[in-house]
Amino acid sequence: MAQINRKLYSSMYGITTGDIVTLGDTNLKIQVEKDYTTYGEECVFGGGKVIRDGMGQASGFCDEEVLDMVITNALIIDYKGIYKADIGIKNGKIKGIGKAGNPHIQPGVSPTLIIGTITEVVSGEGRILTAGAIDTHVHYISPQQADEALASGITTFVGGGTGPATGTYATTCTPGWYLRKMMEATDNIPINFGFLGKGNSSKSKALEGQIKAGALGLKLHEDWGSTPSVIDTSLKVADEYDVQICIHTDSINECGYIEDTLCAIDGRTIHAYHVEGAGGGHAPDIMKACEYANILPSSTTPTNPYSLNTIDEHLDMLMVCHHLDFNNPEDISFAQSRIRQQTIGAEDFLHDMGAISIFTSDSQAMGRIGEVICRTWQIASRMKEIRGFLSEDQMTGNDNYRVRRYIAKYTINAALAHGLSHIVGSVEKGKLADLVLWRPEFFGTKPDIVIKGGMIAYAQMGDPNASIPTPEPYISRPMYGAFGNAASATSCLFISEASIEAIKGYGLNKMLTVVKGCRVISKNDLKLNNYMPCIDIDSKTFEVSIDGVLISVKPAKKLPLAQLYNLF
């Protein structure tokens, strides 16, 4: 076989086994673990290239046997590994991962990855491919959030709200009549949606009604009263209908302390929002929720990573979002009780240890939806700066394990927590083709292409009046997959099983997808993020110790993936 040096090979066919890539301007380096393509048989498209009739493109197969789209020679980053492969898409789902091409003349072509006459090609050479991100803490305040989310690589929303109502500013609940109306309003938005009903009731009737109307779960929030009776009632209903409960606990400990909340939960599975330094929940020790197997912990973008500006911006944000008054001393005290630099600093460490399992936005309610992905990688880079290599990476000289841990936070673990993992959350055969392609130098900030259900929905695109696609302004723009009936036909509406018949009468176009296994999941099932440390928080000084080690960290003065990437 003819020889070719690595630099030339990577420029033609993408990097291969053993090659190292730096992610953006972070300090994170990944190394290709395996290449599933075949050397000398790589499929590339273009003038004089391989994917032509009788060469890499096969003839004589019926439409059902060949791919609708192939992504060639991409570097996949997923919770399972970091590897190179071709990815095949058929009928909006991932058909196969491996070696694509023409089996008549090429060795090693997977029977599920045949390139034929009807196959479209997206070149993955020199690109990183990830699963679309899942944000499980979205306040549905404005529909324009979808544009920001898609442009950043998010393809699935779980949350609640009714628009810019006072209740939605503070809580992620879509109650009652609004469930159907919000499903109708979002039907042509090219994002998978799931709606949380309002769970704050000590009686079950209203909760059951919302689940039967389509809620995929229920949200408990302190602003509506997260009392022990409310917690117990909602969990009983959730166990009956196999849906998830999300909880924002009692910051001022009015109805009880964290021990009382844990007693009310009574070992049952629950998704705990804001297991963090300043987002709300039992002050100052909500982080202790990370110690328990039945609690699925998540945190949000406002506090991560801990930097010079984190504390300063929090007070104003909190006052606005939770309908508080600067002229009311009690309101000021309420806000200040939630903002603790010691716990904010410790939050990054808990993420790096895999103790906080999921990362979310808290969109327009103190968080920024377009920053879920970039802040995830800012935390990872900052923690490597402070803590060095993870023990799992020390012998390899790369950051593969750390990168897999962090990507799991906004993909597979978010999906597992809400019963979505059978259809989204990873790059796996049979799942919806919600995929994001990145140039390595822009990884985490500006996706090249966002594929939604097998169709390109967003992409970096130049002046539409230009002679080629690349002249400035070269920015993220909606593509054909974001318009018309295609937007709904390539997206899911996640619902409870109890609501199927009711929702069939709503006249929606999105794919109705039932959530599964919400009540049997535990933190032990969450990928690469299931550590349950011993956490002690001093009630007077707010100092945090993790497994007996005092956490003391100064705020970051500079972060990667920040202003440098947003100059133009």
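Cβ atoms are placed via backbone N, Cα and C, with glycine included.
Annotation source Swiss-Prot lists domain 'Urease' at 132-568, citing sequence analysis. Feature annotation from Swiss-Prot assigns Ni(2+) 1 binding site to H137, H139, K219, D362; the stated evidence is sequence analysis. Annotated Ni(2+) 2 binding site per Swiss-Prot: K219, H248, H274, in sequence order. If you look up Swiss-Prot, you'll see K219 marked as N6-carboxylysine, on the strength of sequence analysis. Annotated substrate binding site per Swiss-Prot: H221, in sequence order, evidence recorded as sequence analysis. The active site, proton donor feature in Swiss-Prot is assigned to H322.
Those same-chain residues not listed among H137, H139, K219, D362 yet with C-beta within 8 angstroms of the centroid of the Ni(2+) 1 site C-beta atoms are V138, G159, G160, T171, T172, C246, H248, Y273, T300, T360, S361, S363, A365, G367. When Cβ atoms from all protein chains are considered, those within 10 Å of H274 (Ni(2+) 2 binding site) total 29, not counting its own. Cα of H248 (Ni(2+) 2 binding site) to Cα of H221 (substrate binding site): a distance of 5 Å. Nearest to H137 (Ni(2+) 1 binding site) in space, judged by Cα atoms and limited to the recorded positions H221, H274, H322, is H274.
A Cβ within 8 Å of the Cβ centre of K219, H248, H274, the residues given for Ni(2+) 2, is found for these other residues of the same chain: H137, T171, T172, L220, H221, E222, C246, I247, T249, A272, Y273, G280, G281. Spatially, by CA atoms, the recorded positions H221, H274, H322 include one closest to D362 (Ni(2+) 1 binding site), and that is H274. The CA atom of the residue listed as 'substrate binding site' is located 11 Å away from the CA atom of the residue listed as 'active site, proton donor'. Each residue contributes its Cα atom, and for K219 (Ni(2+) 1 binding site) and H274 (Ni(2+) 2 binding site) those atoms are 13 Å apart. Its Cβ placed at the centre, H322 (active site, proton donor) has 22 other Cβ atoms within 10 Å.
A distance of 13 Å separates the Cα atom of H322 (active site, proton donor) from that of H139 (Ni(2+) 1 binding site).
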